[in-house]
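Features of the protein shown, as given by TrEMBL:
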- Lys21, Thr181, Asp182, Ser222, Gly223, Gly224, Met225, Ala226, Thr227, Lys228: ATP binding site (BINDING)
- Ser62, Asp149, Asn161: substrate binding site (BINDING)
- 285-368: domain 'PUA' (DOMAIN)
Amino acid sequence: MPSRAPALRRAFADARRVVVKVGSSSLTSSAGGAIDMLAVSRLVDLLARRRLDGHQVVLVSSGAIAAGIGPLGLKKRPRDLATQQAAASVGQGALIAAYQHLFGIYGLTTGQVLLTADDVTRRAHYTNAQRTLEKLLELGIVPIVNENDTVATHEIRFGDNDRLAALVADLAGADGLVLLTDVDALYDGPPSQEGTQPIPFVGSPEDLAGVLIGGTGSHVGSGGMATKVEAAGIAGAAGIPTVLTSLPQARGALVGDEVGTLFAPVDAARASRKRWIAFATTPRGRLLLDEGAVEAVTVRRKSLLPAGITAVQGRFTERDPVDVCAPDGRVVARGLVNYSSSDLPRLLGRSTKDLARELGGHYEREVIHRDDLAVL
Ligand SMILES: Nc1ncnc2c1ncn2[C@@H]1O[C@H](COP(=O)(O)OP(=O)(O)O)[C@@H](O)[C@H]1O
Ligand SMILES: N[C@@H](CCC(=O)OP(=O)(O)O)C(=O)O
């Protein structure tokens, strides 16, 4: 076991604050996808004891859509957005009522926090969500977070809760993130394939080379392993370690036992605002760069100027997030752009001095200032 692992495991045991995400597949029975109350009460027992031992716990719980399947008389998880939203509307109430009741047995109060992608992608909303979570934790409440499925449309939807959980771990300043799913670890290939082996430790993205990361294996989950690995990367960039495992192993994960897959965080986490730009925003367009400009923004960490941009794709307004791409289309950075997509094309390839002389001082500004640019 690599030398960093024991200290990272201890970080979970000693965590002041931990975010635990549970997927639909862990909360539902295989038959019909209805909520499995035994699984819910096992999870609550574990988290309540952790809370009563003095650790702050934020629960990110999926399962609203699954919990709506039974009451709506559906045979399986709906595929269309409107029925998913109806199921979530019915199911979220039932799910929260169950949590409220079960945590109540331990004398603990829960608070429902429903977030849309907008609540984390807009900087002002992000800080609002941060403030609310902080207050709830300060008051000793167990916040229970889910995506606000009933109002989220396709374009703005997370869909799965893995990325949301990682962003919540970051905004809550958690010491660890635990992702609970229906497999006990990340395997070197989809566990449905024979002979695949669990991976105990992921120290860096290179450790994932050759690992086959597939989609969901259940009828109720969404995203599969890909979104969990992505979530571990988002938490890791904020300096937060992640353990991925199953509900039966959750206690072990929380007390620092060697269960599941441990994902190490990066050593030097980048600044919060850059993390927000890199992971919490939804890009509205793409800027293609020439090789010189790629080198300037990624290696020399310069601001992006119009001279190095070769093409503009998508429709965006000033201060929207956009992806910054190499000539082959690879995304190398994300940033908040200072020009709209209608204004930008006529500036391409031009020097800022020329533009200022011709169009006025307003056009001397960078396309993306280095403070608004997160290199990926
Ligand atoms: N390399 C892999 N290792 C482990 N699980 C994998 C892998 N590739 C795909 N999966 C699948 O990912 C599933 C978990 O994702 P998902 O169904 O979305 O769960 P959840 O509802 O907990 O979010 C597993 O059941 C498994 O079938
Ligand atoms: N917000 C949705 C989550 C959707 C979902 O299936 O997520 P997950 O099980 O985490 O892949 C719900 O509560 O049903």
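Placed from the backbone N, Cα and C atoms, the Cβ positions cover glycine too.
Note that the structure is predicted; figures quoted are calculated from it, not measured.
Everything TrEMBL records as a feature, shown here on the structure.
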residue	record	Cβ within 10 Å
Lys21	ATP binding site	28
Ser62	substrate binding site	30
Asp149	substrate binding site	24
Asn161	substrate binding site	28
Asp182	ATP binding site	19
Met225	ATP binding site	24
Thr227	ATP binding site	25
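Within 10 Å of Asn161 (substrate binding site), counting CA to CA, the binding-site residues Asp182, Met225, Thr227 contribute Thr227. Checked against ligand 2, the binding-site residues Lys21, Asn161, Thr227 give Asn161 as the ones with a Cβ under 6 Å from it, listed in sequence order. Each residue in the domain 'PUA' (285-368) gets a DSSP state, and the totals come to 26 helix, 24 strand, 34 coil.
Within 10 Å of Ser62 (substrate binding site), counting C-alpha to C-alpha distances, fall the following of the binding-site residues Lys21, Asp182, Met225, Thr227: Lys21.
Along the domain 'PUA' (285-368), the predicted structure has mean pLDDT 93. Among the binding-site residues Lys21, Asn161, Asp182, Met225, Thr227, the ones whose Cβ sits under 6 Å from an atom of ligand 1 are, in sequence order, Asp182, Met225.
Mapped onto three states, the DSSP output places Lys21 (ATP binding site) in strand. Summary of the substrate site environment: with the site residues Ser62, Asp149, Asn161 set aside, the chain residues having Cβ atoms within 8 Å of the Cβ mean position are Ser24, Ser61, Gly63, Ala64, Ile65, Ala88, Asn146, Glu147, Phe158, Asp160, Leu164. The substrate site in the record is lined by Ser62, Asp149, Asn161, and its two most distant CA atoms lie 11 Å apart.
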